[in-house]
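Database features (Swiss-Prot):
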{"type": "REGION", "residues": "91-124", "note": "region 'Disordered'"}
{"type": "COMPBIAS", "residues": "92-118", "note": "compositional bias 'Pro residues'"}
{"type": "REGION", "residues": "137-196", "note": "region 'Disordered'"}
{"type": "COMPBIAS", "residues": "163-180", "note": "compositional bias 'Acidic residues'"}
{"type": "REGION", "residues": "223-254", "note": "region 'Disordered'"}
{"type": "DNA_BIND", "residues": "243-306", "note": "DNA-binding region"}
{"type": "SITE", "residues": "295", "note": "site 'Required for DNA-binding'"}
{"type": "REGION", "residues": "329-359", "note": "region 'Disordered'"}
């Protein structure tokens with residue numbers, strides 16, 4: 001007989017904590033490997049001990065050939081030698097969603113209606129050919145209505161009815177031409193298809209360009225010109241223009257006393273003279289501010305400053321009087337009056353003997 005030896009299996013003990021951890025690590029490795037991640041530049045600060053900041057410049061994590069997925073400590077970069085945790089982890093970007101289908105563009109707006117076209121008239125012969133039918137139709141209607149009108153009017157009105165009927169026939173014949181032209185006109189051609197960018201002129205614009213509206217436009221131009229001359233002034237402006245500024249009026253005695261006070265003060269107000277000015281203003285009967293303004297306005301009139309210069313400028317701008325005409329001056333040294341007197345004396349002495357040149 002064979003002896004059956006009981007074999008007991010010992011669980012594998014791992015240094016990082018039991019057999020369950022290995023199984024859990026295997027189960028977790030699958031989703032980690034399924035979700036791939038990209039590791040970019042290295043962010044390790046090599047100057048942290050010095051209180052600064054310096055990186056090695058590695059741009060992307062490169063796994064080392066000796067790296068083992070089961071040993072996390074072996075996951076170092078082959079370029080900079082730093083662990084993978086120092087590199088910036090960039091998860092794989094999710095796939096871009098499908099492009100959304102844009103809605104179809106809206107249909108173009110319908111073209112505007114075409115402008116009204118003038119009606120086409122048939123020749124006169126066609127209108128005359130259709131007119132008798134309308135005349136017969138109108139006379140038949142009047143014959144149907146005639147018995148009732150005869151009973152109302154009596155037998156004495158037949159002649160008037162016949163005359164009125166003749167007039168109606170003539171009117172019907174005149175109107176029938178117009179009706180025939182409208183009814184016998186051929187079918188209108190379908191309106192042309194216009195492009196979306198074409199904008200026909202409005203009816204009122206077409207009418208305004210006609211010759212019939214020219215007088216109306218010309219008549220409206222004077223009113224437009226009168227309106228363009230300028231808007232009427234607002235009512236407030238008229239009242240402000242009519243309102244006059246209040247001016248203080250002084251008596252001759254007040255003017256003399258204020259002139260005397262101004263000359264006493266030297267036509268200048270100073271702080272030391274405030275008491276004198278207040279007392280004199282009360283005696284004169286004017287306020288201190290009014291006296292100050294009067295003195296400022298009349299200072300140049302009495303001192304001969306600005307007013308004197310103004311009068312001198314006005315005198316210089318006045319035209320000069322023309323120089324006097326000297327009638328007594330002569331080139332030969334004798335006056336004009338003396339020469340005239342000598343000539344008169346010579347003429348008188350000669351008498352009828354004639355002039356000295358004649359002898």
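Each Cβ is built from the backbone N, Cα and C atoms, and glycine gets one as well.
When DSSP labels each residue, the DNA-binding region (243-306) comes out as 45 helix, 0 strand, 19 coil, counted as helix, strand and coil in that order. Long-range neighbours of residue 295 (site 'Required for DNA-binding') (same chain, six or more residues apart, CB within less than 8 Å of its CB): 258, 262, 267, 269.
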